[in-house]
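Remarks on the structure that follows.
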Amino acid sequence: MAGVWAPEHSVEAHSNQSSAADGCGSVSVAFPITMMVTGFVGNALAMLLVVRSYRRRESKRKKSFLLCIGWLALTDLVGQLLTSPVVILVYLSQRRWEQLDPSGRLCTFFGLTMTVFGLSSLLVASAMAVERALAIRAPHWYASHMKTRATPVLLGVWLSVLAFALLPVLGVGRYSVQWPGTWCFISTGPAGNETDSAREPGSVAFASAFACLGLLALVVTFACNLATIKALVSRCRAKAAASQSSAQWGRITTETAIQLMGIMCVLSVCWSPLLIMMLKMIFNQMSVEQCKTQMGKEKECNSFLIAVRLASLNQILDPWVYLLLRKILLRKFCQIRDHTNYASSSTSLPCPGSSVLMWSDQLER
């Protein structure tokens, strides 16, 4: 979804003429290129780190957790590589999308790709939050009942989302060129030359289902992460009362709580505006396709474009909030602690080193 990062003025919003895009030179095309490169680097680093950690792990549960993170990074990476080059091509050609894709097949592929990789990322993040909450709040039940391997679950989620995204190909829903004319996504209402009564019920149902599924995934993720934080705090207090490495438990709890809150903040900032705005536009019987033919839609169109840009940021931030940033912070913590210990010649708790799953090792005890 990184490809939608481009200036609003790159295509004339209120004209049906087949004119070249305004400002589609090297400056405007730098946006999607920068987003694609940034996302590629972050997700590629995350995947390399997951592969290295996966080979050193013996516990199936730890391997499942790493597999989920790796799958999330792979999903974000492939989604960017499939969409960004298309948008870059549109900008470099300085032609309207309809001229480059008169059959509409590329638009359908682009919209399907954004739907599959956007929604699957949300659902995988939600599944990870559920598993994390069960493992921490009910460890004995989790150990005895959760025998399902991660790979079938991840494949099931991806195939289910793919089947859902294929509905417009079967006639339920519609993918259309979105303002300013450099990308395609789910249509939320009538096209620019249609009236309100011309809306297809299938398009409304499909767009509503996407928004509701996304919001449901966000709610589940939030609820599970909050439940996990609460359980961690309660266990930390119990350990402190029993004087069982209270300092270490306090540090682990703080680090994990900060990471989970960071995940919630990133998801809410990146996805909530788009999903809520889609429902609002469906309710108001509006589509950003109308921006090309109707005056007075500038505010709504700009807001929707900003919301999509925020959603595209999620693919770049995912590897950092789930893996890379935590690893960097842990390594920095070890460096500071080792320096302090050397200066004071005092003993301390063992350093987690490069282990990304240090906190999960401790929580299982």
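Counting begins at 1 with the first residue displayed.
The backbone N, Cα and C atoms fix where each Cβ goes, and this holds for glycine too.
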Check: Ser93 and Gln259 same membrane side, Swiss-Prot record: no
Recorded disulfide counterpart of Cys184 (Swiss-Prot; options Cys107, Cys212, Cys224, Cys236): Cys107
Neighbour tally for Cys184 (disulfide bond), based on other Cβ positions within 10 Å of its Cβ: 26
All-chain count of other Cβ atoms within 10 Å of Cys107 (disulfide bond): 22
Per Cβ pairs under 8 Å, the stretch of 31-55, 69-89, 109-130, 152-173, 260-283 packing most closely against the transmembrane segment (204-229): 260-283
The topological domain 'Extracellular' (90-108): DSSP-derived helix, strand, coil residue counts: 12 helix, 0 strand, 7 coil
Contact yes or no, the transmembrane segment (260-283) and the transmembrane segment (109-130), 3+ Cβ pairs under 8 Å, gap 6+: yes
